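Notes follow once the structure below has been shown.
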Amino acid sequence: MEAVIKVISSACKTYCGKTSPSKKEIGAMLSLLQKEGLLMSPSDLYSPGSWDPITAALSQRAMILGKSGELKTWGLVLGALKAAREEQVTSEQAKFWLGLGGGRVSPPGPECIEKPATERRIDKGEEVGETTVQRDAKMAPEETATPKTVGTSCYHCGTAIGCNCATASAPPPPYVGSGLYPSLAGVGEQQGQGGDTPPGAEQSRAEPGHAGQAPGPALTDWARVREELASTGPPVVAMPVVIKTEGPAWTPLEPKLITRLADTVRTKGLRSPITMAEVEALMSSPLLPHDVTNLMRVILGPAPYALWMDAWGVQLQTVIAAATRDPRHPANGQGRGERTNLNRLKGLADGMVGNPQGQAALLRPGELVAITASALQAFREVARLAEPAGPWADIMQGPSESFVDFANRLIKAVEGSDLPPSARAPVIIDCFRQKSQPDIQQLIRTAPSTLTTPGEIIKYVLDRQKTAPLTDQGIAAAMSSAIQPLIMAVVNRERDGQTGSGGRARGLCYTCGSPGHYQAQCPKKRKSGNSRERCQLCNGMGHNAKQCRKRDGNQGQRPGKGLSSGPWPGPEPPAVSLAMTMEHKDRPLVRVILTNTGSHPVKQRSVYITALLDSGADITIISEEDWPTDWPVMEAANPQIHGIGGGIPMRKSRDMIELGVINRDGSLERPLLLFPAVAMVRGSILGRDCLQGLGLRLTNLIGRATVLTVALHLAIPLKWKPDHTPVWIDQWPLPEGKLVALTQLVEKELQLGHIEPSLSCWNTPVFVIRKASGSYRLLHDLRAVNAKLVPFGAVQQGAPVLSALPRGWPLMVLDLKDCFFSIPLAEQDREAFAFTLPSVNNQAPARRFQWKVLPQGMTCSPTICQLVVGQVLEPLRLKHPSLCMLHYMDDLLLAASSHDGLEAAGEEVISTLERAGFTISPDKVQREPGVQYLGYKLGSTYVAPVGLVAEPRIATLWDVQKLVGSLQWLRPALGIPPRLMGPFYEQLRGSDPNEAREWNLDMKMAWREIVRLSTTAALERWDPALPLEGAVARCEQGAIGVLGQGLSTHPRPCLWLFSTQPTKAFTAWLEVLTLLITKLRASAVRTFGKEVDILLLPACFREDLPLPEGILLALKGFAGKIRSSDTPSIFDIARPLHVSLKVRVTDHPVPGPTVFTDASSSTHKGVVVWREGPRWEIKEIADLGASVQQLEARAVAMALLLWPTTPTNVVTDSAFVAKMLLKMGQEGVPSTAAAFILEDALSQRSAMAAVLHVRSHSEVPGFFTEGNDVADSQATFQAYPLREAKDLHTALHIGPRALSKACNISMQQAREVVQTCPHCNSAPALEAGVNPRGLGPLQIWQTDFTLEPRMAPRSWLAVTVDTASSAIVVTQHGRVTSVAVQHHWATAIAVLGRPKAIKTDNGSCFTSKSTREWLARWGIAHTTGIPGNSQGQAMVERANRLLKDRIRVLAEGDGFMKRIPTSKQGELLAKAMYALNHFERGENTKTPIQKHWRPTVLTEGPPVKIRIETGEWEKGWNVLVWGRGYAAVKNRDTDKVIWVPSRKVKPDITQKDEVTKKDEASPLFAGISDWIPWEDEQEGLQGETASNKQERPGEDTLAANES
């Protein structure tokens, strides 16, 4: 980038002169363009294709952010790039057109007239033969050195005027200033015939309105034209001829028009409005292509002409495209004839080349119009490119320059710039706001938002400038002009003896007190000294106003001294007499009389006060000291006045007050009626409402309105999502104490003007929290509103680096008080931030308010705050470019080169912010020494963070996260090395924020060192006079870098940088340092605005020359100095390490032993084999907890450590390990377990290692295949017995299939091992012996609730089934509660009896405390099944289905298709219970009630064996019950009864082998159905499926397994 900056800077100095931008500005612009993705690399700026997108993007950015610095720089750079490019193109095209370059192309001669394609080949640069110009170029030097003087004779034959040669058609190439090109010397002899009229044109020309040939055509006087033009410079001329609309007739133009145009171009330039007007006038009628080209040859130089030809061709292509789309386009002749094409429009078609007569005869009128219009548009573009205008960004309104002149210069520059047309109007308006005088800027800021064009802005400013300026003299002049007609009307009426309401109303006479006349006309001449007389000036007794001798503090003069008082009455009208001195040093004070017009009694009906004329105040304010105490006041709608000493409470007069201004002669001005404000101010103020009543219209105001916080034009509208429908969330109730606090806070915000009453359809809750001080804080829950907003993008990517402040510059820190509450919300967005102030018990309608300012908690508030404050400060940044101003949120830091400059700038910044409506806390203004900003303490030479706590409190993962975040903020300032951050990074592992963490010893030791570092280390402020240096080094657990000055001698660090955490399994140190160098260079440009001057590299790079490729890529474009030296002492705290560039691993075989490695996931072994003579040596390593990749890595590491000092070849079939080992050719940072294993092994070797990868199980014979097979067979060999298989599963919990393959056991054995594991079963099986159902009635019940909508409103049915007899009891309930459960069980006990145990799910109604106490009272055991698994209650679930099906059938039979009436529900439920309990089910011969009350005594069946957990078959058991998939067996010795899966039961026939299969034993069990009591029962329950047979944990091992 540095090289590109140098090239661009040099070009700017060449073509821009004094206005060229600095290298810093160019670098900042290039960085911005790369950051925004507009440039892939800085060198792309040379490509013209990127110029327009860059211009559009920077223009858009300037309009949005109001910052035009980069756009200004780009404008200068673009002008320089275009000038350089045009200069190069011009030199090449000039040679091309004149035949001076490598080509041999020249304008066509007469011999080309009959070859239409010739000129096309000329445009393409083809060689067409030797022409006139080429022959002239071969002249001798003495012939070409002296141009031939242009005379009045024929250029062709030398005869006098009137020869036929004057009409020869030889289109000349005349250029302005052609004497610069020697090859043009003498060309006039060959090209002087350029009258542009073909032979015979005189005879074929027809006059308008006549048919046939004209007998005497009017021709152009060519001799006169040549004489005229010869005196102005061009030696050769082509005369354009106008085509009239009446027909193909040519009307010659006045030669002086061409002469004047050529002279105008030479003197005024192409961009001159005069030039443009003359060209447009000359081309107002359609011209032929021949005439257009010759005209441009006359007025344009060689380079502009070449540019014009290209631009003309582009414009003609546009016409052709339009004509192609529209067959009836005028250029197509309204669809008659062939369509137009480029050859026709350029005059290159057959019969047109060099033949103006043919062009006039063949071209259509529509084509002529298109040709001329395209030529004129191309001329405009060439004028803009050939003579680029000055940069518009430098244009500022001068102190004495009028706004119109400034607007003229600005618009001309912008229109001539390269800005897109759509961006010009916004740029002009933005320049009006920033580049004009302050008073004009203020006028534009107060303009309505509907003014969107430059013309509207200009008209608005001119209209407002018609009034007098706001000065003392301006006020006097304005008031004099306003009152003068009033005085004249009064004088005329007095002279005529008339009175009426049309003039000024007469006040009271100050002599007699009577109305209708004034003191001068009073018939009663009172004597002086009368004690009853009151003075109207001093309010004293005993004298009148003329006799008043009271002196003010104005050197003994009364107010109004110095203003003339004309005679009254008299022949002349009186002059304006005001009670104020119109001087800048005096305050404009007036005497005022206030009269209360109310009807209630008061002590004083009128009072006299002195008030200040303040055109900056919106309203009239009477001081509390001047306001009579018995005059009533009331609360105002806006209870605060802002702008007069801050926020001041205000009240308003309840009665209408008549206000009159007393003139110097004692006369009273026209009284006004108003309701003034009353406030505690130092003096009364007459605002604009009073001044306008006096006839003054003050519109060009300076400063903001006094009753606003921040002008509304600074409000930034919010962006809403497309579905931003109003959100209404009810206000939740608040306790009385918090409600009182909320009411007080709302009233306070209302008085401050932050909120306003609302009727919005939006609502979100508000609440209060108690602060540590005991007071309350108002909070607004805006989460629902934020969800509807489109968040603004970040406008500040991070906090500024404070060490970049110039060393020794004094500092000042400002704090904006309540910044959010000083910025208004856009009016259309306020309703979305409404809230409700509730009342207790709804005693009154709730009061609703909405925010007028930025509310805290809105997602866009911080961004808007930054944008608004930045917009206010932007003019100051432009005005004081040398001032360093840091702005972060509501904190400002100013730095200047001197204390005086800092104080002056600080005062200006404060006044600017206060005028904008912000408040600066005086106690928050910091000056040196001891300045603190953004958590740092700044001195004149250093920047240090504020001290850390002694030892933080760490209890959870979230505490560690917050601590690490704080340390990351301090690392760039303290240089905390990676080794001190390691213990804290270790504690960040985990995903639960509440996971427990402890403050361990490693963290404590690291923290102590960090605290000690914070007391001794600090950043040094940057000295711009010294070179900026950068250094990088490898250290423990990472790499570290620093930007500073004097790093190798007396280190002064300015910024620390660190390598990032590795993202790959292994990262070489060379790559780590490469990334750090790139980061260091980018940080230098971003922070200090410049590239590093000196870069210090580790000493290893000095020994390894040339530099590695990665380092060279990181140094691309670096123009500073590179030094390689030992590690600077500044890195001692990081414990630097040496960087080795030695290659440790290669992929080519090396001389040495060859070893083979392999690992197996089935055996969890890694092996290394190598051949020793005829025998293979083997080493193994086993780890049941390691992955196969780790086993492969450990096997390779074991092979590497066999011969550490001997080159070794390692052959592996693991592509993963082979690729990783090759990447570890140089030292680096591992980040995975496998990488750590390999890095540890490589670090212990001193010899080269080669890693060779082979494919496993390949058929290729040879040594490598043999060795790999040996390693593979050793890794996979294992013979696990059953006990070892169980141990393997206990360690790894692998599945049965993997266990069978790994241990070489059967699938059946593997499943049994897995089923015995309590952790691997989704439904863990309980020990054998827990009965899943009762062997007799009242042993085990199952209870559940089921929903039956037909039984609404009491639609919940509690169902209990006896697991032995299948008897069902059902009760109906409205809700599922503990009371309902207890009522149901009590009913079931009353019907069936008390059970020993009840089994349910784990619902809250079954597990509540009251239910447990109820069961304990009845002595009933209670068990629960799997949470949320209804299939654990198999019998009751089937009973639910049977019950609901029976209810449906009975209801439909009674005609109730949907809901059962409440009156019928009890009867129908009883019917269902009766049908289920008292009738046989299916093929059963007994009913459930019979089974329940008359149970069958179980008899023991044949002897059986059962399979226990060890896999052995145990004898001594007899069958009691045999069901579908399960069996109950009884031990013959202990009488213990247990339930086991049927597949674990087989007959106890000793003569059979123990491996008798199940199908062999089935005939034995086929005949036992006579004594199995459960068989009928199972069929009666409609048959169990495999899923329905699964019971709760603890019931049946079979059920758990089959699930």
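Backbone N, Cα and C atoms are what each Cβ position is placed from, and that goes for glycine too.
Within Glu1312, Glu1413, Glu1437, the residue that Swiss-Prot lists together with Asp1344, Asp1401 for binding Mg(2+) 3 is Glu1437. The Mg(2+) 1 site in Swiss-Prot is built from Asp890, Asp891 plus one of Asp815, Asp959, Asp992, namely Asp815. The record from Swiss-Prot ties Asp1158, Glu1192, Asp1272 to Mg(2+) 2, and of the options Asp1147, Asp1183, Asp1213, Asp1287 it ties Asp1213 to that site too. As annotated in Swiss-Prot, region 'Disordered' covers the listed stretch 128-150 rather than the other ranges in 128-150, 910-932, 1485-1507. Feature region 'Involved in homooctamerization', per Swiss-Prot, maps to range 1548-1567 of the set 88-107, 1448-1467, 1528-1547, 1548-1567.
Confidence across the region 'Involved in capsid protein dimerization' (217-259), taken as the mean pLDDT and rounded to a whole number, stands at 50. Remark: of the binding-site residues Asp1158, Asp1213, Asp1272, the most isolated position is Asp1272 (fewest other Cβ atoms within 10 Å of its Cβ). Counting only same-chain residues at least 6 apart in sequence, those with a Cβ under 8 Å from the Cβ of Glu1192 (Mg(2+) 2 binding site) are Thr1157, Asp1158, Ala1159, Gly1166, Thr1212, Ser1214, Phe1216, Val1217, Ala1234. Secondary structure at Asp1158 (Mg(2+) 2 binding site), as computed by DSSP, is strand.
Each residue contributes its Cα atom, and for Asp430 (site 'Involved in capsid protein dimerization upon acidification') and Asp1213 (Mg(2+) 2 binding site) these two points are 70 Å apart. According to DSSP, Asp1272 (Mg(2+) 2 binding site) sits within a helical segment. Within 8 Å of the Cβ centroid of the Mg(2+) 2 site, not counting the listed residues Asp1158, Glu1192, Asp1213, Asp1272, the chain contributes Phe1156, Thr1157, Ala1159, Ser1160, Ala1195, Thr1212, Ser1214, Ser1256, Asn1268, Ala1271, Ala1275. According to DSSP, Asp1213 (Mg(2+) 2 binding site) sits in a coil region rather than a helix or strand. Note on Asp430 (site 'Involved in capsid protein dimerization upon acidification'): other Cβ atoms within 10 Å of its Cβ, all shown chains, come to 16.
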